[in-house]
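Q: For reference, Swiss-Prot lists these features for the protein:
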type: COMPBIAS; residues: 299-317; note: compositional bias 'Polar residues'
type: REGION; residues: 275-317; note: region 'Disordered'
type: TRANSMEM; residues: 19-39; note: transmembrane segment
type: TRANSMEM; residues: 51-71; note: transmembrane segment
type: TRANSMEM; residues: 93-113; note: transmembrane segment
type: TRANSMEM; residues: 120-140; note: transmembrane segment
type: TRANSMEM; residues: 180-200; note: transmembrane segment
type: TRANSMEM; residues: 211-230; note: transmembrane segment
type: TRANSMEM; residues: 241-261; note: transmembrane segment
Amino acid sequence: MDLAYLPSPSTGVLHLGPIPLRAYAFCIILGVFAAVWLGNRRWVARGGKQGVIADVTLWAVPFGLVGGRLYHVFTSPDAYFGERGEPVRALYVWEGGLGIWGAIALGAVGAWIGCRRHRIPLPAFADAVAPGIVLAQAIGRWGNWFNQELYGRPTTLPWGLEIDRAHRPAGTLDIATYHPTFLYESLWNIGVAALILWAAKRFPLGHGRTFALYVAAYTVGRFGTEYLRIDEAHTFLGLRLNNWTSVLVFLGAVACLVVSAHRHPGIENVARLQGAGADGRTDDPRPADASVGLASGPPGNSTPRRATESWNVRNRS
């Protein structure tokens, strides 16, 4: 008998009065709101306009949901198109199954459309929302807890997650507790968000480098949690497909960090970028100050004015 363990919820449905709501969907919605809130604070702290982050998010989220679902279905086709699969269930997003890589890839397309409409560069937007995205992932992982899915190998550790017999793998029906990989990844993602906010205050992480830092840091943790998972997945050379994806994406993110730092040192002046066009670029060579991190509110008029005066001096010289 296990003396200590983490229990699983008895149901995956929350009731808001008479309205039933899938807990998985609720976690996603809550994560989106958190991402918009934090992204807006960072954008405004750098001189950006209120509402821009929310407007662009209205484009990014639908694209991201479609991309995340497509990635999940394409990488786990047997569950929907196999011998016992039900193709129509590929549309049941509320039951769980969103691949982060597909969500980021197609979500970026939606964000690009939104950024074009507001005439701002996509990298500047991505840098602003990077810690919010990983915070949203931390919240969204709790949807897996409600669904009793994507857990890890059996374990006898005190924090092992108890899984109902109906949700256990066929080969381990008599084993009750498993690694709570949802919790591991959620805690890791909170740490990544904190790392980004800290780094943004101390280094000039502009031109997409903040977003690249998020991707690189996230993939390290994802590789570890993916290694513990036991749900069915395609493998290559002994590693799950998502492990290989993590390795490739990590290398790409590190390359982006290095190349961007060499070609575009400094950070964009968001106040001047708005309205200058999606291809406009104005750099501030100084490291980002505290206002680029988790600022307490909108900036005063002094920050944009100092940046403009500095730009004028450089042009007169």
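Counting starts with 1 at the first residue shown.
Heads up, the Cβ atoms here are built off N, Cα and C, so glycines get one too.
Quantities reported herein were computed from a predicted structural model and do not represent experimental measurements.
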Q: Using a Cβ cut-off under 8 Å, which residues of the same chain at least 6 positions beyond either end of the transmembrane segment (241-261) come close to it?
A: 75, 99, 101, 207-209, 212-213, 215-216, 219-220, 222-223, 226-227, 233-235
Q: Of the stretches 51-71, 93-113, 120-140, 211-230, which racks up the most C-beta pairs under 8 Å with the transmembrane segment (19-39)?
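A: The stretch with the most close Cβ contacts to the transmembrane segment (19-39) is 120-140.
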